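Worksheet for the structure shown next.
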Amino acid sequence: MDVTEIAEQTLNTSCLSPACQQQDYAEIEKRYEAERHQQLQTRGKIPDVNIRTNTRFEQFSKDPWLDDSNKRQQIQYHQRRHNGKHHKVLIIGAGYGGLLFAVRIIQTGAFTADDILMVDTSGGFGGTWYWNRYPGLMCDVESYIYMPLLEETGYMPRAKYASGPELRVHAERIADTWKLSNRAMFGVTVKSLDWDEVGKHWSARGLVLDYEKDQSKKASLHLSADFVMLASGIFASPKIPDFTSILEYHGHMFHTSRWDYGCTGGSPENPKLCKLGDKKVGIIGTGATAIQVVPHLAQYSKELHVFQRTPSAVDKRDNHPTDPVWWNKMLQSEGPGWQKRRMENFNAFTGNEQPQPAVDMIADGWTSMPSFSIIGGSPESNATDYLHRMKAFDFPRQERIRARVRETVHNKEVAEALSPWYPGWCKRPCFHDHYLAAFNRPNVRLIDVRQSGIDHFTPKGLVADGREHEIDVFVFSTGYTTSRSSPGGRADIAITGRNGLTMEHKWQNGLATLHGVITRDFPNLFFPGPSQAGTCLNHTYTLDQLATHVAYIISKTLIKIGAADAGYSPRVVIEPTKEAEEDWAVQVLARAATHGALSQCTPGYYNRDGMASAMKSLSMEDKMKLGRMVSWGEGIGSYMDQIVNWRGQGELRGLEIHCVD
């Protein structure tokens, strides 16, 4: 079924003629533009609180989950064991991305687990699934394709969309399976990476937390490594907007990624928030996290005040337990390679690849939304009518979402405030079966701040919508810091390559990479995009394919110099030629136009809080610089074709390789 057929099925049956539909579309477009214009006029970019230096918020940068003294002692043992040593491979980040880097290079046979050191600021494996333990947490992409290495570990997820605790335990399962549990150094903050041109290695410096001293005492970190892989994730640290007089508030505050069960009651495994029965709770933010949190807060709080700037588009979820009989039949019928094929089936539908597969294996809200390919790209993205075709699909879909709000929420004013008036690709689509219904509860109040914003905090709460709201507990569902552009910047690591060149400078002044994973003058340093690499909705697929690509580059290089066996690896220096990375940057630029549709969106993190709307006023030089920072514009399938064909040539074309000894 093509996009037109899907769109026709969701059209308002009271308006079926083409002329009527065009009139409806024109009216909707006017409403979208009015909403965007209003938010651009009233929505200033609020600076973020520096949670590392502000004493009121410093607890947000600490690890609240290490209450096991044995675990703390084990972490400190590995800190002492690994600090000050040289390692063949240093992986910064111990979430799914870091684990995939480790597993894929081990699978090449060129390295063992003992050659690898993983470091992370947290106290365990999991990345975002380590830090986030809020009530209602689950993945919003099908767990059978989101949870990596299911085929290799033999694990069957409990439900179509797995819970947070299950996702965290799976990270630990991967570490145990590949003997990585003893190759991790937790409580580590890498502050700088410097290339040693004489020694041909990377030097990492930073801080190591002392968990026995309430995470207040920090020792110096010094490591060196032949290869470094950055896998610290897309979102570096919790974002707390620096609202006016926020420090004057006397009540309790916490961020969703540092959920305080001591305040709310319950636990990640049993989130009964029994301590909120006499509390007025305020949650700020209504993005993908809040969609999962609000139903739980609504159930247990005396009062829940939801402060909303832009409503999310919330479709149905329809989660259900995994049927073991179906699972075993699926494994038997699909055979080896089933997970990768299932992932790519999902990519084909969400990336609007043509022709589409005969069977939609996932069959959920994502795969029936080809218009979201505006974000990740599609092979047809550069077609002159592509945006028009995606709008033709998206208009009726968004109207169906708004109709769902009207049907579910009893109060008409609240329903209108919860209705999304923007294209479906402007804000991450959400899927939940209980969020909208929560606003029918008598203890839940929606405060719409899209026009006036949050004015200021007071000792008892905050002022918004012209009056003071007294709140006992504030929950910040305000996302993560995303302001910096380079892989080092997002991880808050100062990276300096050859001849004193910083990564931030290169990203801001003519970024060029080879395939979005390596850049000249930063030898042996690898990163998983997203600039100049392919991206897709299922982020673990992207991470896995980039990890596989990096593993190929390193192992093929070692084969080329005659050192392919683990245990014998003379030092080698790998980086792209200037010509190769410039050629790749030009190819990225040629496909960058697809991202221009974001300028028509309400402000959000997809368009850097509306900055895309200011593109017209930039010089051509600045536009070209920004164009180099985007992801591959034709979608993940096209990107994979590029790198698979490159590997198929077997020449490591575009790479400069030097053997050190």
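Any Cβ shown, glycine's included, is placed from N, Cα and C.
Listed features, source Swiss-Prot:
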- N12: N-linked glycosylation site (CARBOHYD)
- 89-111: transmembrane segment (TRANSMEM)
- T128, W129, Y130, W131, D140, V141, Y146: FAD binding site (BINDING)
- M138, C139, D140, T286, G287, A288, T289, A290, I291, Q292, R309, T310: NADP(+) binding site (BINDING)
- N382: N-linked glycosylation site (CARBOHYD)
- R428: site 'Transition state stabilizer' (SITE)
- N538: N-linked glycosylation site (CARBOHYD)
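Distance from the CA of M138 (NADP(+) binding site) to the CA of Y130 (FAD binding site) is 13 Å.
Between the CA atoms of G287 (NADP(+) binding site) and N538 (N-linked glycosylation site) there is a gap of 18 Å, rounded to the nearest whole number. All protein chains considered, the CB of W131 (FAD binding site) has 27 other CB atoms within 10 Å. Take M138, C139, D140, T286, G287, A288, T289, A290, I291, Q292, R309, T310, the residues named in the record as contacts for NADP(+): the widest Cα to Cα gap among them comes to 24 Å. Its Cβ taken as reference, T128 (FAD binding site) is surrounded by 21 other Cβ atoms within 10 Å in the chains shown.
On a Cα basis, R309 (NADP(+) binding site) lies 15 Å away from R428 (site 'Transition state stabilizer'). Under 8 Å, Cβ to Cβ, and six or more positions away along its own chain, N538 (N-linked glycosylation site) finds V141, I145, Y146, M343, F346, N347, T350. In this structure, the CA atom of I291 (NADP(+) binding site) is 18 Å away from the CA atom of W131 (FAD binding site).
For R309 (NADP(+) binding site), the spatially nearest entry among the recorded positions W129, D140, N382 is D140, judged by CA separation. Under the three-state DSSP scheme, T289 (NADP(+) binding site) falls in the helix class.
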